[in-house]
Amino acid sequence: MLLSYLRDRLRLTGTKYGCGGGGCGACTVMVSRYQPGTKTILHYSANACLLPVCQLQGAAVTTVEGIGSTKTRVHPVQERIARAHGSQCGFCTPGMVMSMYTLLRNTPQPTMEDIREALGGNLCRCTGYRPIVDGFRTFCQVEIFTTNLHSHGVYCMKQISSFQGSSFYCPACVFQGLPPQLFDQGDLLPLDPTQELIFPPELITEPQMSQRFIGENIVWISPVSLDELIQLKADHPQAPLVIGNTNIGPDIKFKGALHPIIISPTRVQELFAVTRTAQGVYIGAGCSLSVVKALLEGLVQELPEEKTEIYRALLQQLGNVGGQQIRNVASIGGNIVSAYPNSDLNPVLAAGSCKLSVVSKGGRKEILLNKDFLVGFGKTSLKPDEIVLSVFIPVSRKWEFMGALRQAPRKENALATVTSGIRVMFTEGSSVVKELSICYGGVGPCTVSASRTCAAIIGRPWNEQTLSEAYTVLLDEISLSPSHPGGKVDFRRSLTLSLLFKFNLQILHKLWEMVRTGSLLPVVNGQSVDDQVGRPVMHHSAISQATGEAVYCDDIPKTDGELHLVLVTSTRPHAKIRGIDVTEALQVPGVVDVITSKDIPGKKFRTFTGVDEELLAENEVSCVGQMVCAVIADTREQAKRGAAVVKIHYEDLPEPVFTVEEAMEKKSYFQPQRTIERGNVTQAFEEVDQVYEGEIRLGGQEHFYMETQSMVVVPSGEDRELRVYLSCQHPTYAQESIAETLGIPSNRVSCHVKRVGGAFGGKVTKTSAIACITSVAAWRSGRAVRCVLERGEDMLITGARHPVLGRYKVGFMNDGKIIAADLHYYANSGNTADESVLKVLLHLDNAYNVPNLRGHSVACKTNLPSNTAFRGFGVPQSMLVTENMINDVAMKLGRNAEEIREINMYKEVSLTHYKFQFDPKNLLRCWDECKEKSDYDSRRQAAGEFNQKNRWKKRGLAVIPIKYGIAFSEGFLNQAASLVHIYKDGSVLVSHGGTEMGQGIHTKMQQVASRELHIPTSFIHITETSTSAVPNTCPSAASFGTDANGMAVKNACETLYRRLEPVRKQNPTGTWESWVKKAFLQKISLSATGYYRGHDLYMDWEKQEGQPYAYFTYGACCSEVEVDCLSGDYRTVRTDIVTDIGRSINPSVDIGQIEGSFIQGLGLYTMEELQFSPSGVLLTRGPSQYKIPAICDIPLQFNVYLLSDSDNPHAIYSSKGIGEPVLFLGSSVFFAIKDAVAAARAEAGMDGPFTLDSPATPERTCLACNTDFTQKIPPSRPGSFKPWALNIP
């Protein structure tokens, strides 16, 4: 593939590996080709991981390195994403840059819709997308701020002073009618299309002769004429035709499909011809979906509206097929003949009576695209030697209407759960149905035609009675077994009805028309303009990340003789290992060794939280995905082939445990089990007006850091030394683990972390375990060993956020005051304890003063992959249960949840349930300001009016507060150290113990050093995090990295500045450089270590009291959603966040953390769903199955405010940690959805509490609405079938 060619052969590492399946956009490049027919150059973005190199003959490929660099000239696209603070961890940035660059090559003055579409195939896990869009929209010819996709109340770069408006807009912006900006747009590099790279003239040729590429396992043939293609297909009927490689490529990579011969007809002109007739248009089967989309858009503009029904329906679906990169290469013919069951296009094409022109040695013919053509899963009626030449799409007729409706886990770039194409033809001037075709995808092995339902409607008037009877027929006609692949059976069956009903609403409207004939805080007064603390300084690596020059772990050049490691994992959830046969693996060419537990010279396990975890399973496996052995070989492909033939002999053990209910039944728990109580809960329940019991289930969440687990271990060749380069949050723990595994002192192991492409808690324990295995391989072989997990491996092996079952009993008075609450948390920990002792009980009060409060938490031991730390470390689970309890109390009392929240909030200086005193003043300020700035009261009233007028769409609002403790409750983890050197030329080198993961810690350390040394940040360089420079570091976690390391850097710089004081006094008018040189001559040390002891925090669980946190970060968030009750889809209309983060060291970095954290929380509570098979196999192992939020999921209006006049004496420069807290505020969208669902249920006569588990997926939301259509679905009897997926936790 092009990706490996670029990275391994050409050493162009700016193009990143993110998923290997075209689902994340990290590997985006621009491909340019000469078009002989039009004599023009076509530029398009594409995923390098899917592009075969042999298919690129005659093409020019541009990577991120090719458009600009810091060594030559940074391109405006690269500069603007960096200046707009759109690059945090930076791993996705090159892909974003190339998507935007390609758009500008084709459209130098794009619209916001163009930008949104161009970025639709690129995922980011850090930023929340807003700053990326902010930077790129500066290319728009006219900025129309139709959505407030920006942060309000921010440091305004339009002010020449240091004003940071704490109000909605700063004065200058209000005067101009523009929003405030976090970056100065006045001096951006201009975009000059005349200065772009030209297309190589030597590639301006027409295809002359066929090509044949012979590889190790595949022969690739590229014909140039249709006759040659027909002959090749006749000679090799089983050979697939590949144009975009978006189907065959993933099948080969992920499913192990083998095709000895592949035919690539990309140069056969007949496959790309477009012919228009009066009856419709013939589109060449080789035309990309982007070309088809552009063609249909032109026809819709040109033809009368009544003739474009089918075209408009197809356009609606084309926008949902993959991202822009996929649509640019995937062909319409390939999409059709792939015959996927949930295809978006086939139902529309089938319902629209479209035809295929087919050619073979036997001649040409036309085939109607219908149920006789689509015959099964991935199967059509095409004969092996037949080739689809073109697709005929007819124009529509008067009184003919077409609809394309779908529901998918994500609004765009997601395979549909159910999709449909419905075409109806009425008798002229009436509502009597003359023709009808209803086709569905996602409810069978292929596209399904509801012919019996159509027959029941044809000849009858289109009205409520006809459709009511048709629903019964449809329900009987389209039936799914309860264990149908993909699950969601009740939801899918419901969707067949509701999508038909939604089409009915569209038709009724059209018939009616036919018959009749749309603040941040100011910096300190008097602060020097050179003092960068408190200013929105650009991320220190943003430019190098945007140019692709930033080096991540797998970008490190390969050393001579380097080996690659691939892990072999268990395929059984609970079994004894009877033997491991590596004989066949060792015979694979290139394989050097197979590492098993017996090869580990030192400790064979790691101990974390007091529980031993084997590095490699030796006698028994306890989950699918547990690491058993590892294969090392000369190349990654050879190692993969070797791993595939390792034979592990198992003896299954009975009754594996997967869910928390099963664990509770068998008392399968890790220790300790914890309980905390204040007051007398049991007695209080006897004194309240009402008691209610409820529960909520919260699913897990995959970290989905863009850079998968990566490491390179290099033996030095002497003194048993190892240099370890890895993507890790805790290099010291990795160092200790490797040393113990090899049985050598820690001083022989140096761990180096330059930057991490996202982590979120997932690169601590598992990273260290994999690094230990990789180190054993390097130790045994004496050669450097590289291990980079593929996305599916990473998701399988490394675990996720803990799923939790929360149960509660709450006692309250009729006025809404909660008197007692008893909460139980059951976390699904997986097969090892790992980091399963979560902060659940410490945050069960959230913002509420419940006088009698009890909590009990249990870590359940199951046979699923071990779960681990994730941003928030149990707090998002804990607080969701609490807030759901509050919500249920409100529903029992018939009041808004916000009223109950206000009644029960901490109001004055108080003690938490663990006896820690705090002042909630800023919590209440955040709450009040959030309600004020969001205009909550009037919008609550408007939502009620909207809901009264709309039957099938409902709006909901929710305001959620947060009180989040910062720092480690284990006091020793709060210490930090630093090392600062001043060189004779005045430049400064800073080393500290924090790792840069996109959170901007290096940037903030630059600002700290700049302030303390009184020099510009340009003098200061932050070097890699290294255990040989700063020893005994603590993990970069708990939102405490800046607090601890900032104080350590400050301490070192203060020491150095004091040392320079005599020199400064001797020459007060001198320069920094002159002082430094003088100090050296006077033998003054220009190097200093810094140390910060940290807070002495603790939690005594026996006494049930302590001070586990240094302080609290507060916030509140109001979100409004609009829910489609028929499909469960929702849209976040608006989100307003107010956070108290003290005095921000860097507003742009902190706002980026707030927005990114919120969007990650939105994903946790409404979208992201991990699914396991009944045998414990993770089914969601990549972006095609697991959906994180994309650019289409950000709120239509997104406002962020920082609380003014807030001080924090417990942290550096009065700042506060912000990385984790805001994630929970994403639950405001969850509770807004629940509010909208409650409105739908109320209209149906249902009131009171109801169950809506997290994530609130469209499936759960739709079923909770309990519409007439969901009620028609007969429930499956539990125990009568084997479900497709487990209900985790």
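Cβ from N, Cα, C; glycine included.
Within the same chain, the residues at least 6 positions away from Glu1220 (active site, proton acceptor) whose Cβ sits under 8 Å from its Cβ are Arg871, Gly872, Phe873, Val875, Tyr964, Ala1038, Ser1039, Ser1157, listed in sequence order. If you look up TrEMBL, you'll see Glu1220 marked as active site, proton acceptor.
Per TrEMBL, the feature [2Fe-2S] cluster 1 binding site maps to Cys19, Cys24, Cys27, Cys49. Cys49 ([2Fe-2S] cluster 1 binding site) counts 27 other C-beta atoms within 10 Å of its own C-beta, drawing on all protein chains shown.
Other C-beta atoms found within 10 angstroms of the C-beta of Ile243 (FAD binding site) number 25, with every protein chain shown included. Residues or ranges marked as FAD binding site in TrEMBL: 241-248, 331-335, Asp344, Arg406.
Here TrEMBL flags Gln729, Phe760, Arg871, Ala1038 as Mo-molybdopterin binding site. For Gln729 (Mo-molybdopterin binding site), the same-chain residues lying six or more positions away in sequence with a CB closer than 8 A to its CB are Val756, Ala759, Gly761, Lys763, Val764, Thr767, Thr995, Met997, Pro1035, Ser1036, Ala1037.
If you look up TrEMBL, you'll see Phe873 marked as substrate binding site.
Marked as domain '2Fe-2S ferredoxin-type' by TrEMBL: 1-67. Taking DSSP states H, G and I as helix and E and B as strand, the domain '2Fe-2S ferredoxin-type' (1-67) has 19 helix, 19 strand, 29 coil.
As annotated by TrEMBL, domain 'FAD-binding PCMH-type' applies to 213-398.
Considering only the binding-site residues Cys24, Cys27, Asn245, Gly333, the residue whose Cα is spatially closest to the Cα of Phe760 (Mo-molybdopterin binding site) is Cys24. Taking CA atoms as the reference points, Asn335 (FAD binding site) and Cys27 ([2Fe-2S] cluster 1 binding site) are 22 Å apart. Across the structure, Cys24 ([2Fe-2S] cluster 1 binding site) and Asn245 (FAD binding site) are spaced 16 Å apart at their Cα atoms. Cα of Gly333 (FAD binding site) to Cα of Cys49 ([2Fe-2S] cluster 1 binding site): a distance of 22 Å. In this structure, the C-alpha atom of Cys19 ([2Fe-2S] cluster 1 binding site) lies 15 angstrom from that of Asn247 (FAD binding site). Each of Leu3, Lys16, Tyr17, Gly18, Gly20, Gly21, Gly22, Gly23, Gly25, Ala26, Asn47, Ala48, Gly95, Arg791 belongs to the same chain as Cys19, Cys24, Cys27, Cys49, is absent from that list, and has a C-beta within 8 angstroms of the C-beta centroid marking the [2Fe-2S] cluster 1 site. Separation of the C-alpha atoms of Asn247 (FAD binding site) and Cys49 ([2Fe-2S] cluster 1 binding site): 13 Å, rounded to the nearest whole number. Annotated Mo-molybdopterin site Gln729, Phe760, Arg871, Ala1038; additional same-chain residues within 8 Å of its Cβ mean position, judged by their own Cβ, are Ala759, Gly761, Gly762, Ala869, Phe870, Phe873, Met997, Ser1036, Ala1037, Gly1219, Glu1220. Neighbour counts of Cβ atoms within 10 Å were compared for the binding-site residues Cys19, Cys24, Cys27, Leu241, and the top value is held by Cys24. Summarising the environment of Phe873 (substrate binding site), the number of other Cβ atoms within 10 Å of its Cβ, over all protein chains shown, is 25. A C-beta separation below 8 Å, combined with a sequence spacing of at least six in one chain, links Arg406 (FAD binding site) to Gln317, Asn320, Asp344, Ala416, Val418, Thr419, Ser420, Leu499. Other Cβ atoms within 10 Å of the Cβ of Ala1038 (Mo-molybdopterin binding site), summed over all protein chains shown, number 27. Checked against Cys27 ([2Fe-2S] cluster 1 binding site) by C-alpha proximity, the binding-site residues Leu241, Ile243, Asn245, Ser331 yield Asn245 as the nearest.
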